[in-house]
């Protein structure tokens, strides 16, 4: 009989042969199944997680007419057909309405309902994610991830086959390690079926961010931790595990697994390298976590009680039945690396040149002589022409800068107030001085795309990609198509968010 180390080595070899034979033969859920811990939920908007899977990955909904379509892999086991989305959503806004479960259990993720906390949408539901907020490529093929802004969340409170009570499970997610905050809580995993906080140990989910209300790791974060309810844990201590490092890989693999009085945190660069173990040992030294009382719902982007103040980006993830071996997880990581996640352009339409001075003209039929300008800190539209006073020309001129939060997009500095930039604040656009904070940089970063009405450019917020520069009663907002605010009204939306960009007046 083989010893335990020998069995482990044999399993690694077997999985290695699967991985090396072909990418399609080594999809993550095939690997977990070979390891004896099959997927009970498999979610991805970027690719199939089974080699034979050819069903829908996700559904998108158009803002113009409410029509929906499903996006499937290009071929069985392959990358999502982003071109089908681009065609369906051309010159329109689109939201991700369903993230389908590929496991066959029907554990699909949909718009999260209200719970202990209400969401910002109608009837307390959370927002849905933009379909274009997180473009990437996998082996050179374009796909879209799920960009979670604060207030956005997905959930399934009636999941099938997920771990209940103290039963063992594993999970991983591929995330954007540069997109996070300190809000509660950017999670993926097992949560309460009531959307309420029902006590310690009633969750087991991957958390990623810089929240320090409960636990923390080394450095200043962000960290991979486990949300076990009423605590984000980095190890056995409720307070800190110095072995849990700050990690900010552009593509990050985060893994959590837990069983009776044991659990582990693992992480890696999803683009290269191997998983490292940040914690492996007993359950936290606090009441309610041994045994666990997991309930089996599935969440994405939110906490178990619908806490929805966090942000992050999700590309793929699964949940398993049983406690996966390190060898199984290592083989999954090898497959993730082989998928070759890479960044791609966040912008489209007429090109902008960093350092240039521009003016932006409205295209709505009422307002084609009006340009984006400011009066003090208020961003508005004003009638401007070559005959206008120099002061007004300067107020309607903006210097293009590299995006303060993401170099793939842009920030717009006031010509007449150097050091001040357009930002969104409570979804109004305002002119504020750059205070150098992470929050300011994110609020002041915008990504142009081809104009939704066929003219010029539409300029969406990087941090809230459902929201665009919109003039409404001559005042500027970061508006979504048909959202809950007055300035989100669907009427004339595509016209109101389309701007013709020209050389600056000043």
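Including glycine, each Cβ sits where the backbone N, Cα and C put it.
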Discussion item. Looking at the substrate binding annotation from Swiss-Prot, with 227, 230, 304, 424, 426, 427, 471, 476, 496 already listed, which candidate in 244, 416, 443, 488 is the matching residue?
Written reply: 443
Discussion item. Counting other Cβ atoms within 10 Å of each residue's Cβ, which of the recorded positions 229, 285 comes out lowest?
Written reply: 285
Fill in: Integer Å distance between the CA atoms belonging to residue 229 (active site, nucleophile) and residue 184 (site 'Cis-peptide bond')
11
Worksheet item: Which number gives the other C-beta atoms within 10 angstroms of the C-beta of residue 185 (site 'Cis-peptide bond'), all protein chains shown included?
Response: 27
Item to complete: For residue 184 (site 'Cis-peptide bond'), just count the other CB atoms lying within 10 A of its CB, please.
Response: 21
